[in-house]
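For reference, Swiss-Prot has these:
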SIGNAL    1-42  signal peptide
MOD_RES   Asp43  blocked amino end (Asp)
DISULFID  Cys45-Cys123  disulfide bond
DISULFID  Cys136-Cys184  disulfide bond
BINDING   Arg180  substrate binding site
BINDING   His196, His237, His239  Zn(2+) binding site
DISULFID  Cys212-Cys253  disulfide bond
ACT_SITE  His234  active site, proton donor
Amino acid sequence: MRPRPIRLLLTALVGAGLAFAPVSAVAAPTATASASADVGALDGCYTWSGTLSEGSSGEAVRQLQIRVAGYPGTGAQLAIDGQFGPATKAAVQRFQSAYGLAADGIAGPATFNKIYQLQDDDCTPVNFTYAELNRCNSDWSGGKVSAATARANALVTMWKLQAMRHAMGDKPITVNGGFRSVTCNSNVGGASNSRHMYGHAADLGAGSQGFCALAQAARNHGFTEILGPGYPGHNDHTHVAGGDGRFWSAPSCGI
């Protein structure tokens, strides 16, 4: 696990009469921090103020949806659309339950503080990195979508993996590959419509969990494509991806 960034208490800033601008991470927006007692920390990636609940909308909701994307319910995928509807409320409740918080579906200080504990200054979850999700090139270019979109999709994938990791006892999950440019995909014999070229996909090593346990768990954490043992070319890894449609096939795992 990478070290977490040092958090600055807003109450200390207010008490000292100091004014600091929020720190902006590369390619990640930062919300204006409120100096109210409702917010416990100024985060290096993104800081929420107040609370979010059903009916809320905007960038703050979209940022929340990215972090709870791994809690949509079995077989579902949460839309990252900035609209706090019933599906987002349910995802927030599952996130809260997973971390022992009051599961009211309202994102407030306790929920945000837990997210701050789970994310690094580049907005990735603490147990995964952009480098793990891109072993093809350094700039996310050359895929089926823009580099920015591929990178953003990979961020959502990482938060899904973080949720899955927590559900499986917080044991490390081995990521052997993620984003591929069209060239990288061709070089490894990938399918012409592979979701790797969109930044949606990750190939997982067996780790301590085993391929089948990973494939089975992925069904609960927002992955619409799961391929594993028994599916051609997938006896040596478990492939998980988001994106449109749903296709699960790991016959040796009962999927």
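Quick reminder: no glycine exception, Cβ is built from N, Cα and C everywhere.
Here the features listed in Swiss-Prot are painted onto the structure.
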{"residue": "Cys136", "record": "disulfide bond", "Cβ contacts under 8 Å, 6 or more apart": "Gly142, Phe179, Arg180, Ser181, Cys184"}
{"residue": "His196", "record": "Zn(2+) binding site", "Cβ contacts under 8 Å, 6 or more apart": "Gly177, Gly178, Phe179, Arg180, Asn185, Gly190, Asp203, Ala241"}
{"residue": "Cys212", "record": "disulfide bond", "Cβ contacts under 8 Å, 6 or more apart": "Gly228, Pro229, Thr238, Ala250, Ser252, Cys253, Gly254"}
{"residue": "His239", "record": "Zn(2+) binding site", "Cβ contacts under 8 Å, 6 or more apart": "Ala201, Ala202, Asp203, Leu204, Glu225, Ile226, Leu227, Gly228"}
**OP:** Give the distance between the Cα atoms of Cys45 (disulfide bond) and His237 (Zn(2+) binding site), rounded to the nearest whole Å.
**Re:** 32
Original post:
Tell me, how many other CB atoms lie within 10 A of the CB of Cys45 (disulfide bond), whichever protein chain they belong to?
Top reply: 23
Subject >> Neighbouring C-beta atoms (10 Å sphere around the C-beta of the residue listed as 'blocked amino end (Asp)') >> reply: 27
Original post:
Of the recorded positions listed here (Asp43, His234, His237), which is spatially closest to Cys123 (disulfide bond) when Cα positions are compared?
Top reply: Asp43
Original post:
What are the other residues, in sequence order, whose C-beta lies within 8 angstroms of the center of the C-beta atoms of His196, His237, His239 at the Zn(2+) site?
Top reply: Asn176, Gly177, Ala201, Ala202, Asp203, Leu204, Leu227, His234, Thr238, Val240, Ala241
Original post:
Three-state secondary structure of His239 (Zn(2+) binding site) from DSSP?
Top reply: strand
**OP:** For Cys253 (disulfide bond), list the number of other Cβ atoms lying within 10 Å of its Cβ atom.
**Re:** 20
Original post:
Quick one: Cα separation, Asp43 (blocked amino end (Asp)) versus His237 (Zn(2+) binding site), in Å?
Top reply: 35
Subject >> Sparsest-packed among the disulfide-bonded residues, when each Cβ's other Cβ atoms within 10 Å are tallied, from Cys123, Cys184 >> reply: Cys184
Subject >> Cβ-Cβ distance under 8 Å to His237 (Zn(2+) binding site), same chain, at least six residues away >> reply: Asn176, Asp203, Leu204, Gly205, Ala206, Phe211, Gly228
Original post:
Out of these recorded positions, Arg180, His234, which one has the fewest other C-beta atoms within 10 Å of its own C-beta?
Top reply: His234
